[in-house]
């Protein structure tokens, strides 16, 4: 191991028992990150959606996302318009939209949860319905008609008045034996039936109840004893006709007035009974030309298909909408599926469908010639399975903000999504080609496949599950990249691949590469066109792909395999360019053998011992490659593997340059690279993270503390932090300069993937078993956050971000939230002191950047935090009431005596303050440096002050008084202290910030004093001399880098 080499300095390791003393009081869950919100949730639960017409132009669709409701506007393309707040204390179990309000029932008393029924309007809670004290069942359906509100539980129904929201009565169906009275089919009402509801039971009965009197009026018996329980009830557009579906498969249309069956057919079976029914009400859709009335749609929660029926002439199947949603998977996988509800919009040729695959879709019948199967109109969806990996898109050019807007995510459902953090409607799934067209060719969507049992789903035609993502937008051409029809993931011969270099050079090419589970091909994607790319890159040894990487220029893709091979492909042409190690030609092989023969001599043996050399064509990894990195100049490739070795390769020749061997002590499971500080971090199976300097190829940090396997980790944008998520459900943050654990918080479930935005504003995480992507905001961008070292005992449980954003903090809220007592206590901690490496180097301080930036803008922050209205005095109590806690005789109301001076005059409260300001720490340390000329103690004290305290102290600097005015002139000595820091070439950014604030506050006094102007002129001379020196050094370094990057050299 490098850190145990006696000829190299020891590696700085984290001391777990060296944490600073924790402040008194409870610690926040996280001092750096604040929960923001969860994205990617549309309809992840089995609660059916609720729809309501909004005027005569549009409809609003409301779905449940757990403990909040999301409302979409159909006219705007299913754009999100409302998210309800506050969140319900438990998961929502039923919803219903009525007029401008949405009713939501939540909680399950069987699981020990509280229960309630809330009313929302435009996303805000406006009312709450009282529940009976003996209600111990979850509400599974809500129905509102006339002046009644009906909530259907398992074996009872609760009735309220819709105008007053007053609880009216409770109805208990009677059962002949246990379980027969379970309301499996829910409730519904029918037009012209005043105060009547229809209830479907587990024994197959349909009961008609009068909610006004609470009496049972009639019972409709099943058509046969073996029909099973009622699964769904739906009134037809024709009066007095009710559709009833049974668990054994039959579906009947019953005339409730005559209690006679009008139609009966098998719409399902024992394994997949019909669970949702809807009727088209625009008078068209049936018949050979689609101009007749009588269309019914049925679906089941155990399938992703929607069946359309023509009820004329005894009923027949018109068509089947195959794979409208993902079917449920019963093979132990985590992909969700099944249809929860279908509904024809009133008077429209549009049907809405929602499924457990986290999607909401609208379909329209408008194809010409007439087609009984609709086409997709609008769709809002997300991942149908938990998210597996995340990555923020990098910026496409310097100064661009794309790195803060777009987030790529891949899930177990074989999909790749691009999420917009600014506008929810811009989020979209990256297309993998026309899947439905491909399915029609192989007969998946054919009507004749109905009787063949389970069929291949549309998702099975997609690429395998994505396990790794790499991206670079430097060559991305946007929407105009490679126009025209292009092949999708061409797997043909490398030399026969079609390539138009002139066209791709003008328009750009693919910008995303992905690795896939149990697949030997890596695939490319067009980000600008949101579609699959042209190429599929195969591993050199034919084994499965384990990891991928993309050069920062966007030209080369690196593919690593589980067998240890590493290959390089050109993204523009799709052709193979290099492998590591490189394959030797016969001439090179003969030359290597000759060199090996010469190395047998004694002299060459001694020279070989003194230096480490690697034979060309050797050095291949012996286990799966777990990470690949290419430097910004395309000179060096770094790879790590489960064999415990880190290898440095020459990008051009493919030869091995250097190797770090950490085997057999540990295996390397992943790596992350930060180009700004040229550091590579490696996660190991011993629950540690080791940081290696690429330039020196030495281990410089070892970060310990994780109590389980490290699932994922990432650098912060400035390279100062490393954020890691472990299997112990804890997210930890280490500070690289000090190697201290500065923040940690524990979630309910392990976090499986992490990503830090390019602007450091957001931290994205994927939680095990969750469909959404959770976002946290970075508090340190807008306010001072103490980053002291913490211990494992201080790690607290944190609430995860929610879909509604309740309880979280946005960027502005996090910036202007008041500081707690813990923050004030931590402000007294001074920054660590690190010895200067060389007097010729200009060093910066270790004070957090947010602290001195806040000091520069402290006036603006105070102005924004200023209350809009002055505090109001409390209302005076009536004269006959005594003061609270006071003397009943009113002695407390007698004013106290004012202190007086010796001559009897009243003493001012202002003069009672301590006049010995010179003895205070700030002034004492400043004036103490006058005699010695060393102001280090004063600078150290000033570093430890919070921005508000430092601003107050700078405002309090005085000119001095008395005979020895120079000795007490605090302004003069403050300028000398800053000049001393310039001469010592220390704390450069702090000296600039402090001088800026000083001149802003005391420029008038400086202009009036000749001594201050002279001292300030001395400071300006040192400042100009240092600026010219730094400009020369930066210009020289820039010229060297430009020379090395030039293709002519």
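Cβ coordinates come from backbone N, Cα and C, glycine included.
What you are looking at is a predicted structure, and each value in this text was computed from that prediction instead of being measured.
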- With TrEMBL as the source, which of 864-885, 886-907, 908-929, 930-951 is set down as region 'Disordered'? 864-885
- Examine the ranges 798-828, 829-859, 953-983 and name the one recorded by TrEMBL as region 'Disordered'. 798-828
- Query: So what's the mean pLDDT when you look at the repeat 'WD' (703-744)?
  - Reply: 93
- Take the repeat 'WD' (618-659) and count its residues per DSSP category (helix H/G/I, strand E/B, coil), listing them in that order. 0 helix, 22 strand, 20 coil
